[in-house]
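Participant: Below are the features listed in TrEMBL for this protein:
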BINDING   Arg138, 161-164, 253-255, Gln259, 319-322, Arg520, 531-532  substrate binding site
BINDING   Glu157, Asn159, Glu432  Mg(2+) binding site
BINDING   Glu157, Lys358, 428-437, Tyr439, 461-464, Glu489, Lys522, Glu528  ATP binding site
DOMAIN    243-355  domain 'Glutathione synthase substrate-binding'
Amino acid sequence: MADQASNKAYIDYPPPLTPEQEEYLVQTVKNWTIEHGLTVRPSTAIVPKETNPKNVLATNAPVTLFPSPFPKACFELARSIQPVYNELYASVASDEQWLEEIMRELIEVDDFLANLWKIHLSVKEEGYVQDLSLGMFRSDYMAHIAEHAPPSLKQVEFNTISSSFGGLACLVAQMHTHLATFPSPKHSVAYPMHPLFATSSGDSSIHTIGHPPPNEAVATLAAGLATAHAAYGPSRSEPQLPTCIIFLVQDNERNIFDQLALSTHLDKHHHVPSFRLPTSKILAYTSIPSKDSNPCRPLIYTPPSSPSTPFEVTVVYFRALYAPTEYNTSTSWAARHHLERSAAIKCPSILLHLSGSKKVQQVLTSQPPDTDHLKAFLPTHSASVLQNLRSTFAPQYSLSAPTSEALGELEGIRLALSAETAANHVLKPQREGGGNNTYRTNIPPFLNSIPKSQWKQYILMELIRPPTAAKNTVLRSDGRVVSGNVISELGIFGTCLWRNTPGETRPEILHNTEGGYLLRTKGKDSDEGGVAAGFSSLDSLILYEEY
Ligand code: ADP
Ligand code: MG
């Protein structure tokens, strides 16, 4: 049976360690992470504020001691379709009417989306002054195990804002590669022998290269930013100013070293300066000249440490402002509006941010008899390419009906309200960042506890069934070492730069790349998956093929 066959890669993996071997491995990982910046600022749950009042401490990011096995065919499919996914979401974000149709019913019940849409309408009325948009995407997947079939690739979600962990994921791949190959590929002192680490395996039914594939996420993401920076062109200020990229960050960001990996690469390899701007300081440190003095609306950044050297911002890269809780001051929404109306290229624009809604994903997976969304958005791609994309869709259902009486006829409602069918599903609101979903048998009581008129803000998604036999060991940020059964989620990074022409619904794609991956691994019994949210650890992968 397929499940057993695919479990073969997991037999005796990771290999058991003696206490001395575990001690050596944990020590090496502890030191390697700090030496190379595979680090986070500790949460106050780990280091109380009194112990670290100036926030000077950093600790290892939660990491697995071993890379996790992942089916090679699934990984390759995910990589091959990333440019198509990039184009799909660039197309969705370019079709305002199509998005409006979807947003209309959501904004009736969701203030967060309503506020974002309002900003778009307001800037549209004033007139957008930037026709370029940048997407820094991450498409998330799990390997899905069904009976009598090889593992297949199923998409969890597609991220269009703040797609994080490219920086740290590269380091995890490097660390696991070091552990698997030091002092030589044939003789690792950190990892005991196992068929998954052997390039020519004794077990000829499994093939691997013995270590994680190289991870190009930092180079890919930095190149996306650099390309947008170059496409912005010369300063539009009078007199001209030096130009820069802004990393828009949360005030108390703990995942700072992941972001610094990108800004350092931008500086070193593309010679593009970038600055970190906390969201609370947007209106204090940036300005847009009045219409009379400069109708181009350049976004001017004045570094607080050097007020006499202002810069013009080419790209605002959002690593913040994706969650309602981040709009917690009286000026938060004004600040988002201020950025949107500026000439800087937004990564993402409001329309691209909204395109990443779970609702958009659900609509894209539906195939109404008269409309094929994929074909409409990707007219130049062959049927087989579209089929590859479609093969990654897990079933998803709308919970909205024209009237509350008609709700009873919806398949999604039927599946969500019965405990038996709900057990195979997850209920998702239009939110990012983890911790927002309702799972399995919690779904019916949850829906019954809120007014029916609110149901349309959710979508229902069938649960993906990842391999159940996978195990790994994690070094948490507080130093605890935890072993157990795990589930891994693969993210593939991609970037896309495009131009919109007024009146046109098709984007002109200028740059479209795939590159780099993230593997996040969590305990088998944890439904949620975020690393920042504290559920997952950073991992890398050992690709295997079974014969
Ligand atoms: P968020 O935007 O909060 O990251 P996700 O859609 O990624 O929302 O869901 C959060 C987590 O829930 C995922 O990382 C994954 O672990 C789990 N999850 C989401 N959808 C599914 C699914 N269809 N099957 C199994 N697990 C899922
Ligand atoms: Mg997610």
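Count begins at 1; order follows the chain as displayed.
Quick reminder: no glycine exception, Cβ is built from N, Cα and C everywhere.
Map the listed features onto the structure and describe their local environment.
Facilitator: Shown in sequence order, Arg138, Asn255, Asp258, Gln259, Arg319, Ala532 are the residues of the chain, 6+ apart in sequence, with a C-beta less than 8 angstroms from the C-beta of Ser164 (substrate binding site). Look at Ser164 (substrate binding site): DSSP puts it in coil.
The secondary structure of Asn159 (Mg(2+) binding site), as reduced to three states from DSSP, is extended strand.
DSSP classifies Tyr439 (ATP binding site) as strand under the three-state reduction.
This prediction places the mean pLDDT of the domain 'Glutathione synthase substrate-binding' (243-355) at 98.
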Participant: Running a distance check here. Ligand 1 versus the binding-site residues Arg138, Asn159, Glu432, Leu463: which have CB less than 6 Å from one of its atoms?
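Facilitator: From Arg138, Asn159, Glu432, Leu463, counting a Cβ under 6 Å from ligand 1 as near, the near ones are Glu432, Leu463.
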Participant: Sort Glu432 (Mg(2+) binding site) into helix, strand or coil using the DSSP assignment.
Facilitator: coil
Participant: I'm trying to understand the geometry here, so how far is the Cα atom of Ala320 (substrate binding site) from the Cα atom of Pro429 (ATP binding site), in Å to the nearest whole number?
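Facilitator: It is 19 Å, counting Cα to Cα.
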Participant: Taking the Cβ of each of the binding-site residues and counting other Cβ atoms inside 10 Å, which one has the highest number: Arg138, Arg254?
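Facilitator: That would be Arg138, with the most Cβ atoms nearby.
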Participant: Could you find out if DSSP has Lys522 (ATP binding site) as helix, strand or coil?
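Facilitator: The residue in question, Lys522 (ATP binding site), is strand (DSSP, three-state).
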